[in-house]
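J.: Pulled these features from Swiss-Prot for this protein:
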- E397: active site, proton donor/acceptor (ACT_SITE)
- H196, E199, H323: Zn(2+) binding site (BINDING)
- H196, S197, R198, E199, R254, N271, R272, S324, Y325, Y375: substrate binding site (BINDING)
- C265-C288: disulfide bond (DISULFID)
- 138-431: domain 'Peptidase M14' (DOMAIN)
- 1-33: signal peptide (SIGNAL)
Amino acid sequence: MQGTQRGGLVPGLSPLDRRTLLFCNFILAVAWGQVNFTGDQVLRVLAKNEKQLSLLRDLETQKPQKVDFWRGPARPSLPVDMRVPFSELPSVKAYLKSHGLAYSIMIKDIQVLLDEERDAMAKSRRLERSTNSFSYSSYHTLDEIYSWIDNFVAEHSNLVSKIHIGKSFENRSILVLKFSTGGPNRPAIWIDTGIHSREWITHATGIWISQKIVNAYGKDHVLKRILNTMDIFIEIVTNPDGFAFTHSMNRLWRKNKSSQPGIFCIGVDLNRNWKAGFGGNGSNKNPCSETYRGPAPESEPEVAAIVDFITGHGNFKAMISIHSYSQMVMYPYGHSLEPVPNHEELFNLAKDAVKALNKVHGIQYIFGSISTTLYSASGISVDWAYDSGIKYAFSFELRDTGQYGFLLPASQIVPTAEETWMALQTIMKHTLNHPY
């Protein structure tokens with residue numbers, strides 16, 4: 001399946017031949033187990049101008065597809081990070097050299113980091129079993145997270161409940177934690193993590209924050225004020241199919257796992273599937289692209305479930321979607337360069353959130369609107385939230401800035417979560433103090 005993502009369809013094959021090829025690839029993948037990334041590297045390029053950015057974008061459209069952008073070509077001031085398969089390294093490096101594009105190697109061998117990550121998880125799992133505990137400083141599988149959710153809700157039923165909001169494409173439960181001190185249809189705050197399945201630090205951060213809420217309530221006067229007036233909803237695994245796949249087969253899978261008749265590349269980018277500038281810049285109509293938008297807005301059950309839930313609730317005041325990596329706090333719009341009506345308020349709130357975050361461990365984040373800070377992105381969740389009347393809509397990009405990328409070591413889970421919590425609390429406090 002990684003092969004179809006890297007290479008797209010083979011030209012000149014009949015539909016039957018294509019199906020046969022894909023079936024053979026599937027059998028081989030099952031036989032071999034997880035996709036191996038030995039020798040794959042992450043290269044960083046700093047484009048000097050728009051022409052060089054265009055040359056980098058051309059790499060993604062080549063067949064076979066030669067690169068997987070971790071930080072795509074956006075603007076000359078931002079570095080471009082791309083994973084290059086070992087087999088494509090000579091041709092990609094030659095391409096860069098021929099066009100005067102200087103590069104550095106951020107990750108020399110991806111598989112080395114993956115092996116370290118897997119070993120750390122195995123060690124943590126043995127310790128958890130021997131002590132009958134759950135480690136908040138380790139990465140976990142989907143089954144482990146869902147089991148933790150059940151235990152967590154049972155232990156803290158006075159403050160937390162579990163809500164089933166729908167089913168994924170592969171029929172997995174989509175679960176949301178509700179933190180509430182009671183009262184019907186109160187003003188609410190939405191937080192989601194893991195919409196892109198390979199961003200494991202976000203799931204781990206969502207788990208840690210959930211535990212922080214129950215531990216701090218009653219001790220933290222700011223949190224107590226928030227929960228005495230508002231409810232907090234956290235969706236820890238927004239893309240359960242993709243997340244399960246990152247553990248079973250392809251650690252670097254980004255999209256969900258939906259398929260369509262007659263289309264042989266799998267998955268939709270769930271953060272391009274919302275009804276907010278759908279199909280515009282920063283999304284892709286090619287099903288083999290990592291930013292494939294899907295056939296229609298809200299076509300994906302994982303997106304539709306959130307839309308139906310938030311719309312049905314009708315009283316959400318803030319929506320925060322947590323991603324990695326790049327160390328940013330951003331607000332709408334992604335699909336337009338036009339500033340939103342309360343741009344100044346969101347700018348100042350993002351600034352305050354970044355200040356609060358920085359005080360914890362000294363980590364520097366940047367902030368601003370999505371389209372001016374990161375890149376143009378259409379059909380994204382926070383744009384939909386803002387257009388739906390949710391005034392305080394933010395997107396976070398957590399650690400780091402590229403040393404590890406999506407493969408952030410587990411040793412950074414707790415510090416990342418601690419600083420993220422302070423930024424979140426800043427936004428929640430502002431939302432509480434500025435009702436609308």
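Keep in mind that glycine also has a Cβ here, set from the backbone N, Cα and C atoms.
Each of these features: where is it, how hidden is it, and who are its neighbours?
T.: Its own atom aside, the Cβ of E397 (active site, proton donor/acceptor) has 22 Cβ atoms within 10 angstroms in the protein chains shown.
Within 10 Å of the C-beta atom of H196 (Zn(2+) binding site) sit 23 other C-beta atoms, taking all shown protein chains into account.
According to DSSP, E199 (Zn(2+) binding site) is assigned to coil rather than to any helix or strand. Note: E199 (Zn(2+) binding site) has non-local neighbours T193, H323, S324, Y325, L398, F406, i.e. same-chain residues 6+ apart with C-beta under 8 A of its own C-beta.
Neighbours of C288 (disulfide bond), defined as other CB atoms within 10 A of its CB across all chains, total 20.
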J.: Could you check the binding-site residues R198, R254, R272, H323 and say which one's CB has the most other CB atoms within 10 Å?
T.: R272
J.: List which of the recorded positions R254, C288, E397 have their Cα within 10 Å of the Cα of H196 (Zn(2+) binding site), in sequence order.
T.: R254
J.: Can you list, in sequence order, the residues of the same chain other than H196, E199, H323 whose CB lies within 8 Å of the CB centroid of the Zn(2+) site?
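T.: After dropping the recorded site residues, what remains is G194, I195, S197, R198, T202, R254, N271, I322, S324, F406.
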J.: Which of the listed recorded positions (C265, Y325) has the least company, meaning the fewest other Cβ atoms within 10 Å of its Cβ?
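T.: Comparing Cβ neighbours within 10 Å for the recorded positions C265, Y325, C265 has the fewest.
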J.: Restricting the comparison to the recorded positions R198, R254, R272, E397, which residue's C-alpha is spatially nearest the C-alpha of C288 (disulfide bond)?
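T.: Given the candidates R198, R254, R272, E397, the nearest one is R254.
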